[in-house]
C-alpha cells in the first residue's frame with residue numbers, strides 16, 4: 001500500500017493506464033489536425049475523433065452527431081446554460097435550477113441574472129434530493145430552461161432526473177443535466193431520462209483533464225448560441241482546433257466505463273459500506289450527509305461533530321480527502337451544498353468527503369478507518385463541547401454570553 005492514499009475521486013481520477021496507452025500515439029506519430037481535410041494526417045485524426053464520439057454517445061444512449069467536444073464540464077455547463085438562455089430568450093427569460101448545483105451552473109445563472117434573466121433557485125430536501133414537484137411548481141409560461149445535476153459532487157446524492165426531465169418535456173422547457181459525477185458510475189441514458197443537454201467530463205471517469213463534452217439533443221432539436229467564435233468547428237457550437245489526444249482518451253475512458261461500470265459499482269459500493277460501518281464502529285456522533293439509498297457508489301460525506309474539518313484534514317495528511325468541493329475548498333466558508341440541505345453550520349464545517357474509485361482497495365479503506373478514528377478522538381479530547389455532550393449537557397439549552 002502506497003502512502004499517501006488517494007480518496008478524493010470526486011475531485012479527479014487518475015488516468016487509467018489503458019486510456020494513456022490509447023492517447024500516446026496522438027502525441028507522437030499521429031499528430032494531424034482533425035480539420036485538415038486534404039491529407040492522410042488529417043483523415044487519421046478525424047477518424048480517431050469520430051470513433052471516440054461514437055464511444056461517448058454509446059455510453060449515454062445518444063447518437064454520435066449529438067456529442068460536441070469541449071475543454072471540460074465547466075465549459076459544457078456554460079455553453080448549455082448560457083447558450084440555451086440566449087437562444088430561447090425571445091420566448092421568455094425565466095430559468096429554474098437547484099441551490100446545490102456545481103458552481104459552473106450556479107455562476108452561469110448569476111451571470112444571466114445580471115443580463116436581465118430571472119432565476120428560481122430551488123431548495124433540496126433534507127436528504128439532498130430535489131423533489132420533482134418543486135420543479136413543476138416553479139415552471140411558468142416564460143420558463144425556458146431547467147438545469148438540475150444528476151449526482152451531486154459533494155454528497156454523491158442522485159436526483160430523480162427522469163421525472164424532472166419528464167416534467168420539463170411536458171412543459172416544452174429545455175432540460176440541462178450536469179451529469180459529470182454520475183456518468184461512468186451509474187446508468188445515465190438521455191432517452192430514458194428525457195435529457196436535452198448533458199455535461200460530461202473526461203477526468204471524472206479516468207480520462208485526461210481539460211477534456212469534456214456536451215450532449216445536444218437533435219430530436220426534438222435543441223438550439224444554442226455558441227459561446228466561442230472561430231472556424232466553425234463542432235457544427236459551429238464550439239470553434240477551436242480539436243484536442244485529438246484528449247478526445248481519444250475520453251473515448252477510451254467512455255468505452256471502459258460502459259464495459260466495466262456495473263461490476264465496478266458493486267465493488268466500490270462494498271468498499272464505501274466497509275468505510276461507513278468501520279467509521280461508525282470507531283466513532284460516535286457521526287452523521288452521513290445525504291441519502292444513502294440514492295447515491296453514487298464511491299461517495300461518503302460525513303460530519304464528525306465537534307471536530308473542525310480543516311483541522312481534521314491537516315491531521316490526516318496520509319489520506320487525501322476533501323472538505324467541501326475542490327473548486328471551492330480554497331475558501332473556509334461552510335459547504336453551500338450542505339447548508340442548502342439544512343445541515344447546521346457546525347456540522348457543515350466538520351464535514352469530510354471521501355471519494356472511492358477504480359483503484360481503491362480494502363487495505364486502504366481499513367487504514368483510513370484506523371487513522372480517522374485515532375485523529376478524531378484526539379481532536380475531540382481538546383473540545384470542551386464534546387466533553388459537555390458526553391456528560392449529558394444539552395448544548396441547545398445553554399445561553400452563551402455574547403462576546404460582542
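Just so it is clear, glycine is given a Cβ too, placed from its N, Cα and C backbone atoms.
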Binding-site annotation, Swiss-Prot, pyridoxal 5'-phosphate: partner of 73, 74, 153, 201, 202, 203, 241 in 115, 181:
181
Using other CB atoms within 10 angstroms as the count, which residue among the binding-site residues 74, 181, 201, 241 scores least?
241
Would you mind ranking the recorded positions 203, 204 by how many other Cβ atoms sit within 10 Å of each Cβ and giving me the lowest?
203
C-beta crowding around residue 202 (pyridoxal 5'-phosphate binding site), within 10 angstroms:
31
Using residue 204 (N6-(pyridoxal phosphate)lysine) as the reference point, find which of the binding-site residues 74, 153, 181 has the shortest Cα-to-Cα distance to it.
181
Cβ-Cβ neighbours of residue 73 (pyridoxal 5'-phosphate binding site) (radius 10 Å):
28
